Amino acid sequence: MESSESGSEREPLVPDDVGDTIMFSGMQGDDDIPGIGQYEDFHTIDWQRDIARDRMRHRYIVKKRQDSIWDLIKGAHDAWSGWVCVLLVGVATGIVAGVIDIGASWMTDLKFGICPAAFWFNREQCCWSDTNTTFDSGNCSQWLTWPQVFGDRGDGAGAYIISYLFYILWALIFAALSASLVRMFAPYACGSGIPEIKTILSGFIIRGYLGKWTLIIKVVGLILSVSSGLSLGKEGPMVHIASCLGNILSYLFPKYGRNEAKKREILSAAAAAGVSVAFGAPIGGVLFSLEEVSYYFPLKTLWRSFFCALIAAFILRSINPFGNEHSVLFFVEYNKPWIFFELIPFVGLGIIGGCIATIFIKANIYWCRYRKYSKLGQYPVTEVLVVTLITAILAYPNPYTRMNTSELIYLLFNQCGISNSDPLCDYNRNFTDANSAIEKAAAGAGVYRAIWLLVLALVFKLVVTIFTFGIKVPCGLFIPSLALGAIAGRIVGIGVEQMAYTYPKIWLFSGECSTGDDCITPGLYAMVGAAAVLGGVTRMTVSLVVIMFELTGGVRYIVPLMAAAMASKWVGDALGRQGIYDAHIALNGYPFLDSKDEFQHTSLAADVMQPKRNETLSVITQDSMTVDDVETLLKETEHNGYPVVVSKESQYLVGFVLRRDLNLAIANARRTIEGITGQSVVIFAGNVAPPPGPPPYLQLSRILDMAPITVTDQTPMETVVDMFRKLGLRQTLVTHNGRLLGVITKKDVLRHVKHMDNEDPSSVMFN
């Protein structure tokens with residue numbers, strides 16, 4: 001939060017005896033008392049304090065610029081350090097994404113065969129040098145399937161059984177490795193990470209969640225779990241991986257590393273870079289960070305996120321992990337305009353997508369809650385192996401579930417042309433001219449067989465994803481959601497296409513389908529269906545549409561995508577209030593106040609504050625308590641902070657002091673000041689005359705926040721909730737005519753909201 005004020009007109013708010021130390025709202029220089037201004041694990045940060053602290057630091061640097069060339073250089077470094085940091089995050093994210101894409105591609109193909117000439121090549125790379133490629137069937141002379149490795153060159157039952165067994169065996173090995181690594185080295189590396197990233201960006205501290213071990217295990221575990229064939233994707237975890245990189249690299253710049261509020265600006269940019277490399281969609285990544293994960297997103301962060309996403313996409317494009325000219329695996333180009341009538345099936349797909357998403361969310365949350373509170377949660381690796389075994393056994397017989405999910409989505413998005421040999425393209429067409437337009441045709445037997453297999457694949461993937469999302473391996477939700485929607489969309493598209501073939505002249509098609517050319521594109525329906533389900537699951541709208549058209553190159557289909565996304569969101573909101581990420585935040589009890597929700601209850605601050613009326617309030621007096629008194633108070637209570645008042649009788653508010661800062665300051669005083677005993681008087685006011693005689697008094701006015709946010713006891717709770725959301729408060733003090741009555745913390749607000757919504761208030765577990 002850089003300020004343009006020079007600070008030359010006014011002096012810094014510091015006492016004379018502190019010299020150049022910067023202080024504001026209870027903050028002081030980093031070299032004064034080690035650890036002051038930091039936060040405990042699983043606690044909420046105070047945005048106002050951290051932003052004010054950075055403003056003071058910035059004013060001090062600007063004021064010092066005129067003193068020397070060195071101070072001028074330090075000022076310039078401070079000004080551009082944010083851009084350098086997001087540049088490094090973008091570069092690192094692009095490189096890591098390239099490694100993940102290449103590793104996952106190779107290990108996925110390893111389930112089907114090996115390249116003897118160079119075992120580190122995947123199937124496509126292995127076949128690049130081969131002249132007799134018949135790549136539609138998936139093989140070439142250079143690439144050996146597992147039956148061929150063991151000398152079985154045929155296509156009989158023996159070869160099928162060998163392939164089946166190797167498919168299951170590799171899947172189990174990859175899943176067991178992934179789950180074991182997560183369990184042993186980095187428990188935080190499991191799941192998608194987006195619910196936790198949302199909570200962290202809202203101002204919550206989860207130590208280690210964005211650390212180096214989590215990063216390493218998440219990358220390795222993600223490659224393994226994607227390769228195992230489980231119904232999961234690598235796109236969601238890329239946001240977690242990019243945020244880990246953002247957190248680690250922010251420590252190179254103390255401006256961000258030591259200030260939790262400033263660090264979240266870098267993490268927002270990193271989240272944008274994560275989506276950028278996951279989908280090859282830099283603009284969609286920025287919008288995803290703005291719409292879905294970020295809590296505080298000033299204009300400056302928007303520019304930096306844009307720059308970070310751009311750099312990450314450029315680096316990934318340079319690495320070219322997919323070996324084509326695009327940054328994504330399923331880039332398709334359609335050239336047919338859509339007909340106005342098609343908006344009806346597009347909206348219908350949105351409704352179907354919202355229903356599928358609601359079924360998924362409710363079933364997944366029910367299963368995750370059961371896992372959390374039953375004995376099943378004690379056997380994470382066993383659960384992963386059971387889910388993998390069932391998935392592999394059931395997936396292999398169906399060619400659409402056997403293949404990599406990204407390849408399935410590409411196949412469903414694709415148009416049928418001359419080179420397509422998949423049963424989905426088994427139409428009664430006669431291709432005489434390679435350049436002629438594709439004509440309408442009746443669906444052949446292969447198409448109807450493919451539809452049945454796709455219906456089975458839809459049911460299978462929906463059920464399996466419910467049990468897969470939440471197991472203890474890195475797992476994302478974007479790709480399975482896109483696959484579910486793409487299957488539903490392709491089936492609907494084929495239905496509409498066959499209707500246009502059978503009744504080309506009816507008014508619905510407004511003459512567009514009477515020319516003989518193919519006027520309906522089933523692949524477009526797959527794309528719209530994919531957007532509908534993903535929108536229903538995540539409740540994204542704007543960012544989803546941009547990601548989809550960046551992903552597929554279908555700019556002219558923005559209106560169909562928007563119609564499906566809105567229909568899906570409306571249906572999802574009508575059937576269930578929360579998207580999957582918000583539901584998991586609530587399940588885990590994280591203190592997250594969603595800025596999109598409205599508080600509609602009529603209650604006052606006095607109804608929510610702690611303690612209730614007629615109960616005693618734990619306070620510290622400004623000049624009449626000894627060190628022993630303060631330490632006794634700290635032992636007997638567990639509050640995160642204490643109001644400081646003039647005296648026990650008057651209860652007029654002086655300021656607020658944090659528990660952690662008190663502990664650190666007293667420990668530091670005992671270590672550095674001679675003669676400090678339990679009988680030493682603790683003084684928090686700067687203008688109070690010190691007590692005479694030994695032992696020496698302890699002056700702690702420097703850790704006192706003299707400008708805490710206060711409300712009166714008659715303030716409506718909707719105003720208080722708005723203050724907590726928009727100012728990022730950790731707590732607010734409740735007064736009446738200047739006298740202190742109580743404290744409202746973020747946890748109190750969350751519990752009150754849950755209570756008013758008839759939910760369990762005790763589900764909010766952290767501070």
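Positions of Cβ are set from backbone N, Cα and C atoms, glycine also.
Quick caveat, the model's predicted, so the values are computed rather than measured.
Pulled from TrEMBL:
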DOMAIN    609-672  domain 'CBS'
DOMAIN    700-762  domain 'CBS'
TRANSMEM  80-100  transmembrane segment
TRANSMEM  157-177  transmembrane segment
TRANSMEM  215-232  transmembrane segment
TRANSMEM  238-254  transmembrane segment
TRANSMEM  266-290  transmembrane segment
TRANSMEM  340-367  transmembrane segment
TRANSMEM  379-396  transmembrane segment
TRANSMEM  450-471  transmembrane segment
TRANSMEM  477-496  transmembrane segment
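When the stretches 80-100, 157-177, 266-290, 477-496 are ranked by Cβ pairs under 8 Å to the transmembrane segment (215-232), first place goes to 157-177. Distant neighbours of the transmembrane segment (450-471): 179, 190-192, 230-232, 356, 359-360, 363-364, 367-368, 371, 380, 383-384, 387, 390-391, 394-395, 398-401, 408, 422-424, 426, 477, 480, 483-484, 487-488, 490-491, 494, 580, 584; these residues of the same chain sit at least 6 beyond its ends, with a Cβ under 8 Å from one of its Cβ atoms.
Within the same chain, the transmembrane segment (340-367) packs against the transmembrane segment (477-496): three or more Cβ pairs sit under 8 Å, each pair at least 6 residues apart. Confidence for the domain 'CBS' (609-672), expressed as mean pLDDT, is 88. Against the transmembrane segment (238-254), the recorded stretches 80-100, 157-177, 266-290, 477-496 differ in Cβ pairs under 8 Å, and the greatest number is found for 266-290. Residues 107, 110-112, 145-147, 150, 224-225, 227-230, 381, 384-385, 387-389, 391-393, 396, 402, 473 of the same chain lie 6+ residues outside the transmembrane segment (157-177) yet bring a C-beta within less than 8 angstroms of a C-beta in it. Helix first, then strand, then coil: DSSP counts for the domain 'CBS' (700-762) stand at 27 helix, 18 strand, 18 coil.
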